[in-house]
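Student: Got a structure for you, written out below as structure tokens; questions coming shortly.
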Amino acid sequence: MIRSSGIGTFLRNILQRIVSARPDWNFFLLGNTVELREIDALQKKHVAMIDCRAPIYSIREQLELPLKTPSNIEVFWSPHFNVPIFYNGALVSTIHDVAHLAVPGITDTMAKKLYADFMYRMAVKKSAKVTCVSKFTMHEVEKYIGAKADHMRLIYNAADTSWFQIKAGKPMHERPYFIYVGNIKPHKNLRRLILAYKDAAADLREDLILVGKKDGFIGGDDGIEDLLQGLEERIHFTGYVSDTDLQQYIVQSEGLVLLSLYEGFGLPPLEAMAAGKKALVSDIPVFHEVYGDCVMYCDPYGVQAIAKSLRTFAKTSFDERRLREKAAAYSWERTAQKFIEILEEVDAM
């Protein structure tokens, strides 16, 4: 998961800060050791890496995790809801969202949905504490899984400090552009965004850059490529980009657009704001919680409404200083410290 776009960003930022803050602890990291060794901040004497490459959500994963977990650990932290159900020690888990249960179509078979439901419930049942990335997610966990509020802890995500320091380098695109960052799962609403952009394109000087491969996005939305006919000069897929290139794409953009129908937090707008860039986001509860009045909101269900919002967004200015201040209200350092406190709390139980 360390390379995943969402959870991977979360993991990389949390792990390096906890490892740095607690040199008196011994850490055992289970995952792809080749990928883990790419992170310089994790190359410490008090950090051991254990190779575990079982596919996520698989039976093999459930068999390998308890077998490869050292017997002398005090607390096991699962950064996702795929907790090791056969592990019987002290456990903390993080739930980012309950999209597998709340979003129709995100699981393509009933068996997968039932498995997801089972794993969410096991995460809540087996964890001494469950951390959630937003109040919205906490309410969703309570609604769909029945977790009690006192069993959960709120710990927000953040933008890495590097986002606040970006300087524009060589041009990433020859024309002005808006940028979308994410996958093309149906709840990301990319289909409506493309249709709306098609409607508004003649009125916009900005192209639309979609960061990620059109063939390699996770859980693709069928038919996206068909929508691009006639727009090949205006809408561009980047393919895979490095973190450095992603930052350049965002800092050189005219603004970020994220019109998801469902999110647990929604990190890209925060990263854009840290870089001083405005964001157009969907009018959903979690974005109001995280971003307040520092973004422009849009009805994500109506193509015409989105097209109108794109036209307005293109003409709307935001105070860059205020955007950066809002982004700075969230800190990975504070987030990591809260995780340390929870791990200590569970260890003391």
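Each residue, glycine too, has its Cβ placed from N, Cα and C.
The feature domain 'Glycosyltransferase subfamily 4-like N-terminal' is assigned by TrEMBL to 87-162. TrEMBL lists 168-327 with the feature domain 'Glycosyl transferase family 1'.
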Student: So, by DSSP, how many helix, strand and coil residues make up the domain 'Glycosyltransferase subfamily 4-like N-terminal' (87-162)?
Tutor: 37 helix, 12 strand, 27 coil
Student: Would you mind giving the whole-number mean pLDDT across the domain 'Glycosyltransferase subfamily 4-like N-terminal' (87-162)?
Tutor: 93
